[in-house]
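Among the features that TrEMBL reports, region 'Disordered' is placed at 1-36, 400-462. Taken from TrEMBL, the feature domain 'Protein kinase' covers 59-340. Taken from TrEMBL, the feature ATP binding site applies to Lys88. Among the features that TrEMBL reports, domain 'UBA' is placed at 354-398. Taken from TrEMBL, the feature compositional bias 'Basic and acidic residues' covers 419-431, 450-462. Feature annotation from TrEMBL assigns compositional bias 'Low complexity' to 435-449.
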Amino acid sequence: MSSRTVLAPGNDRNSDTHGTLGSGRSSDKGPSWSSRSLGARCRNSIASCPEEQPHVGNYRLLRTIGKGNFAKVKLARHILTGREVAIKIIDKTQLNPSSLQKLFREVRIMKGLNHPNIVKLFEVIETEKTLYLVMEYASAGEPPTLSALPLCHLPLPLHLTLTPLGLCPAGEVFDYLVSHGRMKEKEARAKFRQIVSAVHYCHQKNIVHRDLKAENLLLDAEANIKIADFGFSNEFTLGSKLDTFCGSPPYAAPELFQGKKYDGPEVDIWSLGVILYTLVSGSLPFDGHNLKELRERVLRGKYRVPFYMSTDCESILRRFLVLNPAKRCTLEQIMKDKWINIGYEGEELKPYTEPEEDFGDTKRIEVMVGMGYTREEIKESLTSQKYNEVTATYLLLGRKTEPDEHGGGGAEGGAAARPEGELQHRGEWESRAAPLQPHGQQRPQPQQGRDPRAAEGQHEHP
């Protein structure tokens, strides 16, 4: 679907220089065959604690659902609550200092996000050699950040060819489109409202995602959107420019191809336009047989409008896919757009108001006391917002239990669609202060996949 070309990695401003994360350990034993200090708690917990199965902290590892060069993702079950999670396991010894800083920044950003349409981070476990990120598992599909680490985190530049349209893992919005075809505008609108709400929330917190694409949009059991993979995200400050050019070429804004510095939100807004087009048409607005051809098409800003696309949908697309970033719409303006509010009369899309954390749920606290935690450590962990086992247990108790005790909450039909141990990287590239240029051998892009009756009209945005 896209190509990943990595040039010399560079650091944005606002790099995080933290040396450790989460709850550190003094030694690195990797996944052990018995859970750490769980004896008393397991006796009173709602889940058993079999010694013959591998564990990390309070989590029983079920199976590998993704693997990269220096990281892998495991489907796991929290022993005390029975809730399923995805654990991203990163080998820190393979990362250079710059890559570690970017990893720390990703974790720091995820800790600050609390939106129903963004994958939630529950716990950070760190040893001398390994970092474990315990995250929400989107039970209708793949876990978050299956790319293990964005390619800009890798110490050596490398090139990966394009991924065929039908060979990506199930469970993402991308795979839904592959399986079911384009969405009706009513369905696309419902999904897109959630996406806009989540991205606007990030922008309000001065965070830009920089890798928005269909592959990073997961679906939960209720078919709600979960935005994943904040590996390219960064903080931005109005008036200061970012100069790292990253993301997926088919979703990348023209200014990134030109090597121009940018504020931040405008590159996400362009990507949202590409996503909306993809939801409604089942194909990309810009593609090419190679990166050079793709670049030329993006810089021309021309795309075909299918005959079935409504005038209102075409109108909102024109507000996103504007070549001049200064003239691109803002998400505040989009929230008032006619198309996005059709069928939601009286419920105009509004900025998400983050609720105060409920750290006083007596029912959950009583359950945790029964597990062996003390009220003092519960209160201290929650009020200090530590991403440790105590906070994770409290948060997971507030989540629904999965109906399938052994199958992974639908994972057999989702995550298992990818061969175990195989991870296909898709579509990231990074450069610094230089226009993106083709690199390496490219696989031809998939065909547009349009209805042959689609109108041939083209539009160019100012």
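Quick reminder: no glycine exception, Cβ is built from N, Cα and C everywhere.
Note that TrEMBL annotation is computational and uncurated.
Note on the domain 'UBA' (354-398): its mean pLDDT in the predicted model is 93. The residue listed as 'ATP binding site' falls within a strand when secondary structure is assigned with DSSP. With DSSP states grouped into helix (H, G, I), strand (E, B) and coil, the domain 'UBA' (354-398) comes out at 28 helix, 0 strand, 17 coil.
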